[in-house]
């Protein structure tokens, strides 16, 4: 049986919020079967919990924000991408502020944290959502689609009319496994344009952004001294974002996601449309791991 997973140990990290610029303390904790991923604002009294679910998404400007009343948690997508990538079903994410720390702008540091904590299988079957028919949402020329696929595949295309983008591929496709996620996707960093930074900061966004946690592009090229981690790092980061956004379904997916110029808002619209259309999906479990169409890393003890 493919079992649900949580963390073996509690683990902590510190960073800054990309948009708030605030110092944030992050604690990842094990959680019982069928808890899902639950964010906790530990700086509030009483502590406020926000389950990582599509229905709890409030803001989608520049990042995905979860809300519970007037309490929010910003920029959840990179951490959720790491949770999805390593097949973590249940965990508590405690924060000392309203935003998940940006770390280096990718999911890599969160993958390292989770692997350092160790993974533990739980005594319950892991639930997958299998896509049964096509579901699409569009906004102008932007599009996001689910189609049936025996596995989990994420295909994405961006379309930036800029020399840095025109000179390299703007499309990519990843046939998901924990290994392909860690190697091909997890280290892709968020990116932004120098020309946008002044506008963003006027609107209290990207206050913590720098070349330490993002790829910064100006009219001539990439400003980061060390360049890109992957030749297709820009579109790979969009795939990373999508994997995190899609994990707000609350379960791992069996199907293909296709995005064209999609972002956090459209990704969330697609999830909400899918959830409404009950004939477009089913929940499945696997008694025999060898018959499952998705491969996860075996749990290893924390070292």
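Positions of Cβ are set from backbone N, Cα and C atoms, glycine also.
Here is what Swiss-Prot says about this protein:
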| type | residues | note |
| --- | --- | --- |
| BINDING | 78, 237, 241 | Zn(2+) binding site |
| ACT_SITE | 264 | active site, proton donor |
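Contacts of residue 241 (Zn(2+) binding site) defined by a Cβ separation under 8 A and a same-chain sequence distance of 6+ are given as 77, 78, 81, 190, 263, 264, 267, in order along the sequence.
Apart from 78, 237, 241, the Zn(2+) site neighbourhood in this chain, defined by C-beta within 8 angstroms of the site C-beta centre, holds 77, 81, 105, 106, 107, 188, 189, 190, 238, 239, 240, 244.
In sequence order, 106, 188, 189, 190, 191 are the residues near residue 237 (Zn(2+) binding site), counting only same-chain partners six or more apart with C-beta under 8 A. The recorded positions 78, 264 differ in how many other CB atoms lie within 10 Å of their CB, and the one with the most is 78.
In the three-state DSSP classification, residue 241 (Zn(2+) binding site) falls within a helix. DSSP assigns residue 264 (active site, proton donor) to a helix.
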